[in-house]
Amino acid sequence: MTISLSAISQQLRSQLRQQIRHARQQLSPQQQHHAAQQLSLRLQTLDRIQHSQHIAVYIANDGEIDPQPFIEWLWQQGKSVYLPVLHPFTKGHLLFLHYDTDTPMITNRYGISEPKLDVRRVKPIAQLDVICTPLVAFDGLGQRLGMGGGYYDRTLSQWHQHRRGPYPIGIGHDCQYIAQLPNQHWDVPLPLIITPNYQFTES
Ligand SMILES: Nc1nc2c(c(=O)[nH]1)N(C=O)[C@@H](CNc1ccc(C(=O)N[C@@H](CCC(=O)O)C(=O)O)cc1)CN2
Ligand SMILES: Nc1ncnc2c1ncn2[C@@H]1O[C@H](COP(=O)(O)OP(=O)(O)OP(=O)(O)O)[C@@H](O)[C@H]1O
């Protein structure tokens with residue numbers, strides 16, 4: 001029997017995913033709160049953020065670092081905020097919808113809060129400036145492991161191929177760093193990853 005390298009890599013990825021999801025779920029509410037504040041401060045200092053108007057974030061789930069304090073700051077600055085919504089017809093794809101304090105929200109099939117679909121609020125991906133990208137694990141080369149749906153890999157494939165479209169910034173907890181991720185050809189390395197205490201930039 002032969003086992004392909006790709007199969008081994010897939011298995012490693014799913015073990016890592018479980019392990020790191022577990023680690024972040026164990027963070028206390030105080031640790032989560034502090035991390036969210038630190039992350040927001042770091043993001044605020046980035047030129048890339050200061051010079052952007054249309055910024056996509058996400059609603060935290062599963063122990064993810066919480067972008068909420070950053071969202072509040074973006075609103076104060078008069079910037080426009082967008083959230084991912086599972087595409088109603090095209091499996092594995094995301095739409096991005098405008099988000100403000102009175103956006104009607106629903107819970108999607110993964111239990112994540114998202115704006116109720118309303119075509120008037122849909123922002124074409126090419127018109128976003130930055131996509132703050134959730135991740136489960138990342139390494140020093142900017143490789144990212146997500147929740148496993150391939151949603152952000154698809155969203156960022158234009159960036160990957162042509163360096164066109166919104167600039168992706170990975171965000172996560174310090175504990176989501178691993179030395180080297182087993183990667184797959186469709187993975188999109190991120191040019192910048194921010195955690196409360198570190199910043200990883202493309203060399
Ligand atoms: N906050 C947040 N929103 C996001 C993402 C994310 O990573 N974080 N996504 C990033 O892609 C998309 C949703 N992707 C997801 C993919 C899988 C699972 C998940 O929980 N999977 C289950 C099993 C699958 C199932 O129930 O059908 C699991 O692994 O336990 C959740 C979100 C869009 N919105
Ligand atoms: N650009 C793409 N085009 C087609 N299929 C893709 C693309 N990117 C990823 N996929 C598919 O999506 C599936 C999930 O990929 P992967 O395990 O890398 O997800 P992930 O990066 O962890 O998740 P996410 O991006 O949603 O956070 C894979 O089986 C892969 O075949």
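Cβ atoms here come from the backbone N, Cα and C positions, even for glycine.
TrEMBL annotations:
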- ARG13, SER14, GLN15, LEU16, ARG17, ARG144, LEU145, GLY146, MET147, GLY148, GLY149, GLY150, TYR151, TYR152: ATP binding site (BINDING)
- ILE59, GLU64: substrate binding site (BINDING)
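Sequence features, as recorded in TrEMBL, placed on the structure.
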{"residue": "ARG13", "record": "ATP binding site", "Cβ contacts under 8 Å, 6 or more apart": "LEU145, LEU181, PRO182, GLN184"}
{"residue": "GLN15", "record": "ATP binding site", "Cβ contacts under 8 Å, 6 or more apart": "none"}
{"residue": "ARG17", "record": "ATP binding site", "Cβ contacts under 8 Å, 6 or more apart": "VAL136, ALA137, LEU145, MET147, GLY148"}
{"residue": "ILE59", "record": "substrate binding site", "Cβ contacts under 8 Å, 6 or more apart": "PRO67, LEU83, ILE112, SER113, GLU114"}
{"residue": "GLU64", "record": "substrate binding site", "Cβ contacts under 8 Å, 6 or more apart": "ARG24, TYR58, PRO134, GLY172"}
{"residue": "GLY149", "record": "ATP binding site", "Cβ contacts under 8 Å, 6 or more apart": "GLY92"}
{"residue": "TYR151", "record": "ATP binding site", "Cβ contacts under 8 Å, 6 or more apart": "PRO84, LEU86, GLY92, HIS93, LEU94"}
For LEU145 (ATP binding site): DSSP state (helix, strand, coil): strand
Listed binding-site residues with Cβ under 6 Å from ligand 1, out of GLN15, LEU145, MET147, GLY149, TYR151: MET147, GLY149, TYR151
Fewest other C-beta atoms within 10 angstroms, as judged across LEU145, MET147, which are the binding-site residues: MET147
Distance-selected binding-site residues near ligand 2 (C-beta under 6 Å), from GLN15, ARG17, ILE59, LEU145, GLY149, TYR151: LEU145, GLY149, TYR151
